[in-house]
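Some notes on the structure that comes next.
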2 protein chains.
Amino acid sequence: MSAMDDLLAFQRQTEALSSVAERLGWDQETVMPRGATEQRSEEMAAMEEVLHERRTDPRIGEWLAAAEPSTEAETRIVELINRDFTRACRVPSRLASEIARTTSLAQGIWAEARANEAPEDYLPVLDKVLSLKREEAAALADGGDLYDALLDDYEPETTGAEIATLFDAMRPRLVALREDVLGAERQPQQLDGHFPQETQLRLARVCAAGFGYDWTRGRLDLAVHPFSSGRWQDSRITTRVVETDPFNCLYSTIHEVGHSSYEQGIDDDYAFTPLGRGVSMGVHESQSRIYENQMGRGRAFTGWLFNRMSDAFDGLNIGDADAFYATVNRVAPGYIRTEADEVQYNLHIMLRFDLERELISGRLETEDLVEAWNARFLKDFGVAVDRPSNGLLQDVHWSVGLFGYFPTYALGNVYAGCLNTALRKAVPDLDESLARGDASPGVEWLRENLQRHGGLMPPRRLIEEATGAAIGPEPLLDYLEEKFGRIYGL
Amino acid sequence: MSAMDDLLAFQRQTEALSSVAERLGWDQETVMPRGATEQRSEEMAAMEEVLHERRTDPRIGEWLAAAEPSTEAETRIVELINRDFTRACRVPSRLASEIARTTSLAQGIWAEARANEAPEDYLPVLDKVLSLKREEAAALADGGDLYDALLDDYEPETTGAEIATLFDAMRPRLVALREDVLGAERQPQQLDGHFPQETQLRLARVCAAGFGYDWTRGRLDLAVHPFSSGRWQDSRITTRVVETDPFNCLYSTIHEVGHSSYEQGIDDDYAFTPLGRGVSMGVHESQSRIYENQMGRGRAFTGWLFNRMSDAFDGLNIGDADAFYATVNRVAPGYIRTEADEVQYNLHIMLRFDLERELISGRLETEDLVEAWNARFLKDFGVAVDRPSNGLLQDVHWSVGLFGYFPTYALGNVYAGCLNTALRKAVPDLDESLARGDASPGVEWLRENLQRHGGLMPPRRLIEEATGAAIGPEPLLDYLEEKFGRIYGL
């Protein structure tokens, strides 16, 4: 056995174990009995300790030093293992455990504070999480920028400064579009009615199949917050059902199919290597967004969906497919990021991105966070936050230590905009299929040009090779202005 | 930290990891997408390797040598860890992997041979499994009896010779009872009809609740072969539905509740120690059997069930509760162990026990196995096996290397007989509750006298302390003769 063989064999097992840990997370959110939390937390901790030991195993350093990769894929595998090994070794075990313990505690405190509208109960533990994450960032950054060191976990090879430039360029056009749309004379109808759970789920399965979800390698379950989980042959999705709002279930499903389809589409040869997963959170989100929005909320697909829903629910209060298209894409004022439409979503992200950068750099203190949040919301959205659960307390992310994660949502939208332009050019008759509820020509193009590569290329190179163009915000902004301009008669 | 603390902390993590592996098994049999087998086998193998490394970790030997247990529980924990460590160290890794690989292969070959009625396709791989298991037994036995070394994995502190004596004492009375019952003039009616899945499952849940199943720490799913899985706060059960035979679903459920209830009933303090699981397969089976048979198939509970089923299925073809009781306990000739009634079940086990002891000792060759099986079946059951899938090919056990496992089923019945005698004496009005579908006084007695102790005492001492009497076959045989004598008017 060469050092390269040893390294690959060891990594294979680590990947398998990490896949087991992920499956345990799925179990917890979908099927686990509610009385099993204590047991599960001990099981997860044991898995995490095994994984941490493996990720910092000194033999990895020796194998890396002696490894002689012989293909492009092997070279990239060595690069990614080296990256993870270096990062894992930089964080002391003591700090890693303390972060795990504190964030687990903080998540509970956050949930209670949100229920009680009491940010003052949450801020002390958030402050503790923040200072631990800053300590982690300092260990990872090795003298570099703290925020970039955290961002690197979710979107490698991008910096906070670059994202700030990108977002600053986007904000004025998004704010203007939001104002035009909300002030427009023509306003879409709302969908009214009662939509039984079983029918919603049946339709969600039809949609998932239309977007190429492979049921032999996945399944659909209910969860409080929809997510996708797992890779390769076992990539599962979840959705939720609100019986007054079927779009919630249907578009959550299509969104998660985007994530899951990416994992299902990765080259089999990469299974159980660092290439066998989506390459970054931003690229992952680009897949979920282009499935959900550019394909799923387009005029063609919603035309098909109008007929299917009319049949399934014995008629709708919306008169025709054009009106239904407007309803699906209705823009309404709102405080909550997860409920935001395509126009406003990125503004929510920008707010969080700017605040978390300030927090990590130390320019903003947690005690001033509520005020900073509310001031910024008023400025960008034109309304005052009415209660803490509609403001700072709406997101779990920071409580569990996810700093540097939020911007990947908006990066995903930007990538989806770029990909959509290239896709429409490459598959000019895509809408003809979408009008039959069939997204397969789009899925196939994405699979061939992006998904199958897994982690083979860094995120930006992957998007640029797939699109044949530099990454920029214009395709997304042009698409949004064109689409919503038309719907709202601007 | 003392050596005792180190030992306990290390064991705690091992128990948690082994609980994760068990959960993965549950996932595979209930919810896993069918295309995920390759991935899952790699995940399971990685977990098994981690567990094997931990079980043979040399530090365990050092801690054991220096550990100073200070309570009865700690003394027993040290004893059990020592036992597992000694056993794990005796089996070379090479052999353990070869057994894992061969049995995984053999299971597939067995399934195909069964489908094709082709024992000749199965025997070569069975022979390989057998020779590997004999090698393992030799390593474990350290000069002692080979079969006992394997039995020790499932029913510690019992020998093949003791079981043979027990079974030899039971066989004549069981054979005689079987003949009397099958030849009796009075024969119970069969249940006829179509019983929809949803109604069966609803009723199964009611039965499970009546037998004290804690839904906050468990759940019920469908599986091809019903099983229970997991411990402490997360002990799940499965059942199956045959729409022409509701007893299959209902009594499988009650049986699995017996297993699961045992795990749920173990003292919380023992969680994540070797005391925190059922102490042996025989004791486990005693719980599932006393729930299913002595309580579940008694006149009192079946009287309640008759009314519930009549309501749920809009009437039955059985006239009254007495006739229904006879129907539930109907004895019919049959080849299949898993479908056998209380009278014939143990005869199936004895056949397998005698054959597998001969196989392990080398007195019987696999090439003569079909003939030996069929001859013995004819002798004990009075009919010739009509096809291989009704004979040797009906059980998966040997293909996966389970030699020494079968007798624990019958031991469980014997233990259940002993427990039932003590229980009826301690709770004389148990039938009054069972007649209302409520087994809780029985469950509470079992919990208090047996279940809560987990692994604290060795199996036989546990049963003898619970019953206040020596273990013997008479209580079971007396119970069977009395019950079936009455039903069949003997």
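Any Cβ shown, glycine's included, is placed from N, Cα and C.
Taken from TrEMBL as is:
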- A:His255, A:His259, A:Glu285: Zn(2+) binding site (BINDING)
- A:Glu256: active site, proton donor/acceptor (ACT_SITE)
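Mapped onto this structure are the features recorded in TrEMBL.
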residue  : record                             : CB count, 10 Å
A:His255 : Zn(2+) binding site                : 24
A:Glu256 : active site, proton donor/acceptor : 28
A:His259 : Zn(2+) binding site                : 23
A:Glu285 : Zn(2+) binding site                : 26
Handout entry: Remaining residues near the recorded Zn(2+) site, that is with C-beta within 8 Å of the centroid of the site residues A:His255, A:His259, A:Glu285
Key = A:Ser228, A:Glu256, A:Gly258, A:His284, A:Gln287, A:Ser288, A:Arg289, A:Tyr291, A:Glu292, A:Gly412
Completion exercise
Spacing of the two Cα atoms, A:Glu285 (Zn(2+) binding site) and the residue listed as 'active site, proton donor/acceptor', in whole angstrom, works out to 10
